[in-house]
Amino acid sequence: MSSKNLNPPPGLNLFPSLKPPQKTLAFHQILVLVITFLAYASFHASRKPPSIVKSVLGPNDHSNSSLTETNLNSTLLNSSSIDAGWAPFNGPRGTHRLGELDLAFLSVYSIGMYFSGHVGDRVHLRYFLVFGMIGSGIFTIMFGLGYWLGVHVLGFFLAVQVVCGLFQSVGWPCVVAIVGNWSGKEKRGLIMGLWNSHTSVGNIVGSVLASGVLEFGWGFSFVLPGVLMIVVGIVVFMFLVVSPDDLGFESPGKEIEMDAEVDSVRSSEEKVESEKAGLLETGDSDSLAAIGFFEAWRLPGVAPFAFCLFFSKLVAYTFLYWLPFYIRHTAVAGVHLSHKTAGILSTIFDMGGVLGGILAGFISDVIEARAVTSIVFLLLSIPALLFYRVYGSISMFANISLMFLSGLLVNGPYSLITTAVATDLGTQTMVGGNSRALATVSAIIDGTGSVGAALGPLLAGYISTRGWNSVFLMLILSIFLASLFLIRVARTEIKAKLNEGKWFWNSIGGH
């Protein structure tokens, strides 16, 4: 990405055996994947506490509900001291206030994403990423300090979330750009699907950490993930290598991008790209020049996938921020679960998301059609959400099974678009394999998605007062709209593959 600093990170100077020729390119590719995986997992772990503590901070509307399983009685009694809520979130408009808290974080996060991607294409990414991680960790801890300081002022919590959202926006453009520097085109969907499980893994780790210490006070639910973020940030500073050039390796993406088979969308739009190529050509130094923000928007495929992610991420983040609250306030087999149990149970959705991201990436590699894969997952998630709402409360088995399936189908396209698709579009032929467009393109796509992510939890906070059926209706409508934005791209992919005779049923028909 950035070749300004050709020196390795400090950790490699401390341990010379990690440098080439002792370690190969493949070793460092794996090391980069592992470090960036840990980095973004810690980002998501630090975002999870607000959803875990929602049921503690907010109003309790089932304090007199009866239980049908005695083994949960003691857990509920132990949590009775925190059922009173925390001002200013425990009043009649408590869910509204909690939704506004999510909006404060996510709106700044989405806006900051655009600027972070633009800056990320122009500065040293390791320093920029560490800056975002340390700042995020500090302000996550600050939110938790409100518990011990006895803060009941809404403005304090809003201000902390705003600054934290700004620091968090640094993470995604940086890690995608760095991984893009080290990876080629081959099996990108599967590799990115595996790597992008950091989102769900981070959610799971954050849920377990925050739920595990919730009984000692909700402040601990923020402090632990915040400390984790700072520790991982130190590891990133010490060992993360931004580009193969920093160690004297040749970038694997260059040869592969030159020789790789053109994607179906790009091949069908090759003529359009050649006509627009003049927008980005700046002479022999094109491969080193960063692409402009509006130029990146005009790249083929960027806008449709960005707006699709707007609605996909709206759904995913509504679950991220409200699922533990929903589980806590919805009886499962007649039982209202404790705060801790609801938080831990919500990780099932993220476990499904891990498999969904890997599966979507693998399928998209096999059929070589990202948009088609995304639409299939999106449309299948509609009945999955309906079944979860209608039948999820019948039994614990039904709840877990349907929650897992919903997470698989909802997070599949979300994962695919934010990783493999963003990398494909950021290094397409129109930019001549210029990886310096990658952070900008990934920031545009995920930044647009984050606008939806900010809107979803806010709407859920207001709509939930009318009943959860209305919330699920909003989610289903959003999924349908997400699929509409990809219809044209999917149709182009299908036509291209049929014309090339690549899909197996087409080949069978030709023999």
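Our numbering is plain: 1 for the first residue shown, then up by one each step along the chain.
Just so it is clear, glycine is given a Cβ too, placed from its N, Cα and C backbone atoms.
Nobody curates TrEMBL annotations by hand; they come from automatic prediction.
Annotated domain 'Major facilitator superfamily (MFS) profile' per TrEMBL: 34-494, in sequence order.
Long-range contacts of the transmembrane segment (25-43) within the same chain, counting only residues at least 6 positions beyond its ends with a Cβ under 8 Å from a Cβ of the stretch, are 18, 129, 133, 136, 168, 171-172, 175, 178-179, 182-183, 191, 195, 197-199, 201-202, 205, 225, 228-229, 232-233, 235-236, 239-241, 244, 247, 249, 252. If you look up TrEMBL, you'll see 25-43 (among others) marked as transmembrane segment.
What TrEMBL lists as transmembrane segment is 127-150 (among others). Within the chain, the transmembrane segment (127-150) has long-range Cβ neighbours (under 8 A, six or more residues past its boundaries) at 39, 42-43, 46, 49, 116, 119-120, 156-157, 160-161, 163-164, 166-171, 174-175, 178, 217-223, 225-230, 232-233, 236-237, 240.
Under the heading transmembrane segment, TrEMBL lists 156-182 (among others).
What TrEMBL records for 194-214 (among others) is transmembrane segment. Below 8 angstroms of C-beta separation, residues 33, 36-38, 40-49, 51-53, 56, 82, 179, 220-222, 224-225, 228, 320, 324, 339-340, 343-344, 346-347, 350-351, 353-354, 357-358, 361, 407, 411, 415, 418-419 of the same chain, each at least six residues beyond the ends of the transmembrane segment (194-214), sit close to that stretch.
The transmembrane segment annotation in TrEMBL covers 220-242 (among others).
Per TrEMBL, the feature transmembrane segment maps to 302-323 (among others).
Look at TrEMBL and you will find 343-364 (among others) tagged as transmembrane segment.
Annotated transmembrane segment per TrEMBL: 371-391 (among others), in sequence order.
Annotated transmembrane segment per TrEMBL: 397-417 (among others), in sequence order.
Remote same-chain residues near the transmembrane segment (438-462) are listed as 1, 95-100, 102-103, 105-107, 109-111, 113-114, 116-118, 120-121, 125, 169, 172-174, 176-177, 180-181, 290-293, 296-297, 299, 302, 305-307, 309-318, 320-322, 414, 417-418, 421-423, 425-427, 471, 474-475, 478 (criterion: CB distance under 8 Å, separation of at least six residues from the stretch ends). Under the heading transmembrane segment, TrEMBL lists 438-462 (among others).
Annotated transmembrane segment per TrEMBL: 468-487 (among others), in sequence order.
Looking only at the domain 'Major facilitator superfamily (MFS) profile' (34-494), the predicted model's pLDDT averages out at 83. Within the chain, the transmembrane segment (397-417) has long-range Cβ neighbours (under 8 A, six or more residues past its boundaries) at 189, 192-193, 196-197, 199-200, 305, 308-309, 312-313, 315-316, 319, 332, 345-346, 348-353, 355-357, 359-361, 364, 370, 373-375, 377-378, 380-381, 384-385, 387-388, 391, 445, 449, 479, 482.
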